[in-house]
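Visitor: As annotated by TrEMBL, ATP binding site applies to Gly145, Gln146, Thr147, Gly148, Thr149, Gly150, Lys151, Thr152. Taken from TrEMBL, the feature coiled coil covers 422-506, 535-644. TrEMBL lists 28-53 with the feature compositional bias 'Low complexity'. Under the heading domain 'Kinesin motor', TrEMBL lists 60-406. Feature annotation from TrEMBL assigns region 'Disordered' to 1-53.
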Amino acid sequence: MASAGGGPRGSVRPERHVQTGRGGNGGSSSTRTKSAPPKRPSSSSAKSSIDSDNAADAIRVRVAVRLRPKNNEDFIEDGDFTSCVELQPEAKKLRLKKNNWSSELYKFDEVFTEGASQRRIYEAVAKPVVESVLEGYNGTVMAYGQTGTGKTYTMGRLGKDDPSERGIMVRALEDILASISSLTDYVAISYLQLYLESLQDLLAPDKVNIPIVEDPKSGDVSLPGAAVVELRDIDHFNELLQFGEANRYAANTKLNTESSRSHAILVVHVQRSVKVKDENEGASVVSSMDDLLAASNHVPIVLKSKLLIVDLAGSERIDKSGSVEGPMLEEAKFINLSLTSLGKCINALAENSPYIPTRDSKLTRLLRDSFGGTARTSLIITIGPSARYYSETSSTILFGQRAMKIVNTVKLKEEVDYESLYKKLECQVDSLTSELERIQKIRQDEKAKIERKLRKQEESLAETKRTFTTKCENLEKENDCMTMEIKKLMEELNDERDQNKILSGRIVEMEMSLSQNKQQQLENSTYKKALSDSTQMYEDRIKALLEQVEKEQARCAYLELEMHGARQVVANNENSSKMQENSKVNELQKELRKLKEESSNEIQHLEAKNSELLSEKDLIYEELKSMQEKVMQEAKHRRSLEDEILKLKKVLSENSALQLERGTSMLRTTSGVGGGAIYLPRTGKSRDTIPNQKDTISKIFEEVGLSNILALLKSEDLDVQIHAVKVVANLAAEDINQERIVEEGGLDALLSLLETSENTTIHRVTAGALANLAMNGSNQGLIMNKGGARLLANVANKNDDPQTLRMVAGAIANLCGNEKLHVKLKEDGGIKALVGMVRSGHADVIAQIARGIANFAKCESRAISQGHRKGRSLLMDDGALKWMVTSPTTFSASTRRHIELAFCHLSQNEENTRDIITSGGIKELVRISQESTRDDIRILAKKALNSNPAFLREIQ
């Protein structure tokens, strides 16, 4: 907070600030302001090496608002108009409703709903400030709001029972301790409370009335007498924080059972050692005093920064809190008095008043550097939803709105460590003196050794040639053997493919048998009808034969009658024609016998044929009955198969609306920038359907089984295959399913499908499934070892569908987040394919490409800074740098941030300097340092420009 009598603060122009030592015995520092650009340092002056010109940037105070969930009291006492706050987190706006027809709209930097996690709040509000503190700038994170709205929960929650509930204090110290070196860096804390306008030490309770001292020149605030404890690790900090919280004053009020009755201030002191190098590095041997002075330009710099984390006591009305008498009344008076003084200072700064009343309260004196000063400040205001506290909520929101108008001028806090510089130079003089004496003797010895080595090398070269010839012959033999083995493996592969074809043929035969069963059933009904018609025909024929027998019998009776008449005629004419009659009778008898024999034979034949037809009919009926039973069994089996297939298709069709993607948000990111799940639902369904979808997935496990689902990936039916891949992709989106999918061979099946299938939908969904699996670090190595990056690169080169390219780019982007796989990823063509997908021009594809390159560059930069890797970046040979330099500014904000972040990380590596200069990247780096929408990216770009002498020469 600016001192009283300061100038206007509405718009602050950046100034150049440099800290140098005062000389003498001590290592103290002073700050001076330079209006003109610095001169190039001279080799004859050691002190001029500090002229690195750390820019002072004007940064506005960032304000976020957090809404407390409703408690039981809110549900019981509120009426119809239950909530006075309406949040619009997407637009970062808040609507304050006085009643059902009157409201006001306010805009903040961040708006958090009642369900926002502690981690999200820390990353949005406090983490940028913590990162600035680690880079040498002062920072402040402060919570302000009504009593009982969650300030202490947001700031000082320890999270013993649930680590996810850790507050800003614990998370900030975790990041700081993880980012420093225990050998060269230093972190210490002081924990204080302002109670009844008395500054007390929470880590040393016997220390009270600690004075506040202000430096009249620099304006810095110090607290002599306060305990400063150096931290060993995060467990040590948790013990100190728990001890301090136990000493803090708290009371039970109507608004909060554990209401804080004092303002708590956690002061974190961070000291980091850095090394500033001169533009012209000296030779390895120092031969003169000028060279010695040039070597002294490598001065050690110490960054000293301070982080304030302030948990203010809640503003309250005495009649509502119940603090109407005794100590609680005095506590409430002093709390409201200090908060009123803070509000006056905020109002004066927001209105550019020439006078700032910082001395009205100890709280405003402590926060002098936080508002209108040189610290980077983030303020989170906490509010409640109840309409009963409309006036308190309105006052809190207006406080945040006024704070957003304040602009601070952040300055880098650095000092020269002359003591270590003197020791270093003394050691260098001694070592170089002895080195000069030693080198003269060594040169003669080395000359003799080199001659001997030359002779040995000539002999070794001849031997190597002979050995090389022998190895070439052996390699040719091994090559022949490998060729034979490859042929055998190809034959085995062909055999396996033939077996797969046979299995596919069997499946086709089963489907054909189903259709044949249907046809056979129809044929059986036709056969039954034909049998009944044949039976009726035979019965009609038997009936006709019986009628014919009756006719023959009637004919026989007629012949007997005729014979009887003939006998009478013979008897009458016996005398006249006895011989003729006898012959005629004989003939008639013969004819009669013959007719009887023919009739009897015909009757026997017909009876035998009838019996034969009856037996044949019985056999046909038995055969028909067995055939009917067989058809019924076949139909029953067919119906069961059809029901199972229909059931599976129904389950799969319910999930067919789930689409695949790997956005910037993702979501989960395993590593790198923005990492997270690429396969997300994009349907019009509400979130209420997500549990139903999960139930559907569990039903697939229970009824079908994962092995059966994976088997469907090899189905000849394209629709079944697509649905099966979608189910696997949905399962892969859950961490608990990924290990089982890999163990059951799902990864191998997906890679095989990606290699063999020519269908665009299969490619898109399979790439999404691989992207989900690639979110797990252990799966990333398996995917790379099985050639997953090569297959994804082939799909990207052969396909122009934007959605497919988006999934492929998302999968490769997840793999880019693992630094150990970078070389393999480049060898398999993954980086080249990722950059090549720029040809699509689709916004979603470009976003995934930018995220992947940012992941790659960030992991590579971290590996180089940790000493795990050296040399030029792997991104330089595949056109990634040229695309980042020439990329249009019409991309979305998140895409531009990823490109800018990747370019800044590449600029940190000195081995990339020549490529960046030749590609025209200096202009882009300067543009990022001036126009980027992210403060941390601008600072990173400025750091890259200032730390590289070649960049500075190009700019000048």
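Here the Cβ of each residue, glycine as well, is placed from N, Cα and C on the backbone.
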Visitor: Long-range neighbours only, meaning 6 or more apart in sequence with Cβ under 8 Å: which ones does Thr149 (ATP binding site) have?
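Guide: Sequence-distant Cβ neighbours: Arg68, Gly314, Thr382, Ile383, Gly384.
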Visitor: Looking only at the coiled coil (535-644), report the model's average pLDDT.
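Guide: So the average pLDDT across the coiled coil (535-644) works out to 74.
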Visitor: Taking the Cβ of Thr152 (ATP binding site) as reference, which residues of that chain separated by at least 6 in sequence fall under 8 Å from it?
Guide: Ala143, Gly167, Glu258, Ser260, Ala264, Asp311
Visitor: What is the total of other Cβ atoms whose distance to the Cβ of Gly148 (ATP binding site) is within 10 Å?
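Guide: The Cβ of Gly148 (ATP binding site) has 23 Cβ neighbours within 10 Å.
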Visitor: Determine the Cβ neighbour count for Gly145 (ATP binding site): the number of other Cβ atoms within 10 Å of its Cβ.
Guide: 27
Visitor: Which residues in the same chain, at least 6 apart in sequence, have a Cβ under 8 Å from the Cβ of Gly150 (ATP binding site)?
Guide: Arg66, Arg68, Thr382
Visitor: Near the Cβ of Thr147 (ATP binding site), how many other Cβ atoms are there if near means within 10 Å?
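Guide: Around the Cβ of Thr147 (ATP binding site), 25 other Cβ atoms lie within 10 Å.
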